[in-house]
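Heads up, the thing below is written out as structure tokens.
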Amino acid sequence: MSHHQQFWHRFPLLARLAMLVCVLTSACRAVNADEDLQLQGAVRAHDPSSVVEHAGRHYLFFTGPGISAKSSADLTEWQAESAVFDQGATPEWISDYVPGFRGHYWAPDLIELDGKYLLYYSVSRFGRQTSAIGLAVNETLDPKAPNYAWRDAGMVVKSSADDPYNAIDPTVLLDDDGRLWMAFGSYWDGIFLVELDAETGGRLEGGSQPVQLAHAKSIEAATLIRHGQYYYLFINHGTCCRGVQSTYKILVGRSKDIAGPYVDHQGRRLLDGGGTLVLDSNARRIGPGHVAPVGDGQEQFAFHFYDGEDRGRSKIGIASWQWSDNGWPSATNVRLADPTADPPRRRWPR
């Protein structure tokens, strides 16, 4: 009997099957080796904001009660931070404009502007068009700093049944010429663009009406970045918030003018449902969505996904951009949250 035959002779059938499963699992993981460096700690999140570095830590805000927050020193080990608004401390204008709002804020975005931190957030109710984007301002992101205090600066953009858009899911970009822009929108007639006041962060006095950038049957979660000579508009097609049944996928188009038209790599307009695929479902990474630039967004981005190995709970991932010679981005070095990290304490309504 050869050494190989002696090896298998000593193991009964069940043991052989177990070893075979182990080998196959290892092989599958090797294919997705870039997803093995898993994120740890407080990794549960949905609709992440841009990730901004302050005093040696990276801060990220996301959908949740009072506007939820996390921070990390290395983009790998995450810890929970206190919410922006205390429970029951809803700004009065929100209760007036969105009756029935219960303090669960959606899809914030964060930007540093002239030494202050501007946090844009969405208030709405699921499936409704009576929505608004508000603004909160802080001088620091460090909760331990003596000057740490969020000040609500009121409504920036609103929508009602008379509008072609839904005023949620803001993304904010400070252009090289100092102009401040916001893209926003969800379903209805898609994604729209409006200029903001670069001094206050609010709506530009006497500014023009929002301009349509992209449209599709199911579209939301836009993100704007600039790279080289192009503006890039990342969007999500598909449905969110259904755990392992979610169909979110991230697409992109680009334009030399921030107001568009944005086209994909085949020249199809995003206004006509076009978009180049950036990130889709793969194994346990289900329904990836909401591109969240890390820093200036040139090298890395965060996103959320529904964990196929953890009952479809939403968690954060981190990936790197790889830019082709002709200027199209693709995701590489994708790192997902550990499926055993951050067990749930309560379910969030969306």
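In case you wondered, yes, glycine gets a Cβ from its N, Cα and C as well.
Listed in TrEMBL for this protein:
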SIGNAL    1-33  signal peptide
ACT_SITE  ASP47  active site, proton acceptor
BINDING   ASP47, GLY127, ASN166, ALA167, ILE168, ASP169, SER186, TYR187, TRP188  substrate binding site
ACT_SITE  GLU220  active site, proton donor
SITE      HIS290  site 'Important for substrate recognition'
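Under the DSSP three-state reduction, ILE168 (substrate binding site) is assigned to coil, being neither helix nor strand. The Cα of the residue listed as 'active site, proton acceptor' lies closest to that of HIS290, out of the recorded positions ILE168, SER186, TRP188, GLU220, HIS290. In this structure, HIS290 (site 'Important for substrate recognition') is part of a beta strand by DSSP. Around the Cβ of SER186 (substrate binding site), the same chain contributes ASN166, ILE168, ASP169, ILE219, GLU220, ALA221, each under 8 angstroms and 6 or more positions distant in sequence. Cβ contacts within 10 Å of ASP47 (active site, proton acceptor), excluding its own Cβ and spanning all protein chains shown: 28. For the pair HIS290 (site 'Important for substrate recognition') and TRP188 (substrate binding site), the Cα-Cα distance reads 18 Å. In three-state terms derived from DSSP, the residue listed as 'active site, proton acceptor' belongs to neither a helical nor a strand segment and is classed as coil.
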